[in-house]
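TrEMBL annotations:
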type     : residues : note
DOMAIN   : 98-180   : domain 'PA'
SIGNAL   : 1-37     : signal peptide
TRANSMEM : 208-228  : transmembrane segment
TRANSMEM : 256-273  : transmembrane segment
TRANSMEM : 279-303  : transmembrane segment
TRANSMEM : 315-342  : transmembrane segment
TRANSMEM : 348-368  : transmembrane segment
TRANSMEM : 375-398  : transmembrane segment
TRANSMEM : 434-453  : transmembrane segment
TRANSMEM : 465-487  : transmembrane segment
Amino acid sequence: MAFPAPSSSSPRRRGRGLAYLLVSVLLLASRVPGAAGTDSEFEDGVSPKFPGCDNPFQKVKVTYWVDGDERSSLTGITARFGEVLPATGSDGDKRKAVVPAPKTGCAKSSAPLASSIAVAERGECTFLEKAKTAESGGAAALLLINDEDDLQKMVCTQNDTVPNIGIPVVMVSQSAGRKILSGMDGGAKVDILMYAPEKPSFDGAIPFLWLMAVGSVACASVWSFVVVGDEDKNAPTLGGEEAADSEIVELQTKTALVFIVTASLVLLFLFFFKSTWSAWLLVVLFCLSGLQGLHYVASTLIVRACDRCREAKVALPVLGNVTVVTLVILPLALIFVVVWAVHQNSPFAWVGQDLMGICMMILVLQVVHLPNIKVATALLVSAFMYDIFWVFISPFIFKKSVMITVARGSDEGPSLPMVLKMPKEFDTWNGYDMIGFGDILFPGLLVAFSFRYDRANGKDLTDGYFLCLMIGYAFGLSCTYVGLYLMKSGQPALLYLVPSTLGTIVTLGAKRGELSQLWNAKV
């Protein structure tokens with residue numbers, strides 16, 4: 001990665017600091033599979049099925065009350081065996097939660113379980129044995145708490161006799177189970193209602209998410225020309241000085257190796273150490289880059305509309321000359337970021353997250369440049385292999401998909417913010433469709449390059465590459481969601497986006513006899 005040569009100017013140092021921060025965000029941007037989980041995401045196609053053990057895996061909504069006070073719903077998964085849960089809460093029964101004795105539920109409970117939901121911990125015996133013991137004790141259902149912060153498929157083996165379990169069997173994660181158990185502290189009464197909502201056939205959030213992603217790539221690519229003005233880069237930075245070429249980070253081929261190693265190490269760290277502090281670290285990084293993005297986008301829009309605002313400056317200690325625009329915009333942007341950080345779990349926090357994310361990505365694509373398609377090929381092919389490996393191949397090594405596990409996050413602590421998301425208004429789960437920043441930034445780097453290349457070589461929309469790559473990106477993203485619908489599981493978007501963008505420019509360049517020029521360009 002080629003960084004600018006050192007300069008004694010403090011604004012330049014601030015510019016380089018901005019560049020380093022945004023490149024860090026680019027490398028750490030989490031590529032989350034195309035959408036939140038679906039019911040069939042649990043299907044493994046491996047575990048044996050036979051009568052009595054052939055139920056489909058279903059996501060379960062576990063609602064609980066502590067002394068009559070309703071708490072947030074938790075997510076569980078049904079077993080291959082047992083009674084099927086109702087699809088709506090109105091068809092289910094709210095029952096008292098009881099912890100069996102012993103708490104693993106592997107032996108007859110000394111605590112009465114009649115007509116209750118037995119809340120047992122995993123361990124010591126099989127899932128089937130726990131279910132049989134709970135049912136023989138009179139329990140109306142069995143809720144198992146996993147021994148890790150994830151959901152485990154409860155299946156049968158070839159050696160099992162045909163089970164005849166007449167109660168629902170559901171598992172929740174360790175953190176979700178702790179919430180239920182903590183509610184029972186001090187003898188408090190906990191009631192539980194479990195049901196398995198059906199997934200709606202139409203997901204109205206996807207078209208809006210598609211528009212946000214495609215629009216972000218298009219806006220970021222032409223921002224310097226359309227908003228800043230003929231790429232003169234006279235937009236104010238946080239230091240109040242005008243941005244300069246020294247702030248541009250020009251990626252090199254070795255960046256591909258840096259990317260794949262750094263991103264893989266970060267992903268493994270998040271996979272093995274899903275701690276609250278690591279999630280908050282990413283939230284802080286997102287807030288810092290979001291603050292930069294909000295300031296940049298608002299400042300350039302104001303300066304574009306009011307050219308005189310560019311010249312109005314105030315001398316401040318340490319910072320030097322700071323534009324009045326910065327003095328007005330920066331505090332407002334800071335307030336916006338702080339309010340979002342405090343209320344990031346509110347139902348409308350996605351609006352602030354998307355706005356900060358889009359502004360940050362616009363700024364990243366002004367600061368980080370691909371000089372030619374030789375570098376683009378190294379970077380995008382590495383990102384392509386990264387996505388394929390960590391989504392599809394990692395389960396053979398780590399027993400589960402590393403990327404999907406990290407993307408789902410934990411029930412504890414904040415969710416990972418490096419995504420654009422849109423609420424599923426027609427979904428009973430009230431979940432979100434998401435797309436990772438990396439699925440916008442990495443193809444966006446190539447699309448932005450094509451726009452600069454077209455301008456540098458006097459090309460327009462009809463004979464240039466920009467329009468074709470925008471169509472390619474839109475088509476690739478559409479294929480991602482088609483694949484999501486057909487395969488009923490999270491999709492690595494770069495699997496479709498890299499061929500639809502890099503393949504487009506290489507094919508067009510070869511057809512036009514300009515491939516060598518594109519390969520060795522310097523724009």
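From the backbone N, Cα and C atoms, a Cβ is placed for every residue, glycine too.
Just so it is clear, the model here is predicted, and its values are computed rather than measured.
When each of the listed stretches 279-303, 315-342, 348-368, 375-398, 434-453 is scored by C-beta pairs under 8 angstroms to the transmembrane segment (256-273), 375-398 comes out highest.
Stretch with the most C-beta contacts under 8 angstroms to the transmembrane segment (434-453), considering only 208-228, 375-398, 465-487: 208-228.
Below 8 A, the CB atoms of the transmembrane segment (348-368) and the transmembrane segment (375-398) form no more than two pairs separated by six or more positions in the chain, fewer than 3 in all. Counting residue by residue with DSSP, the domain 'PA' (98-180) contains 17 helix, 15 strand, 51 coil.
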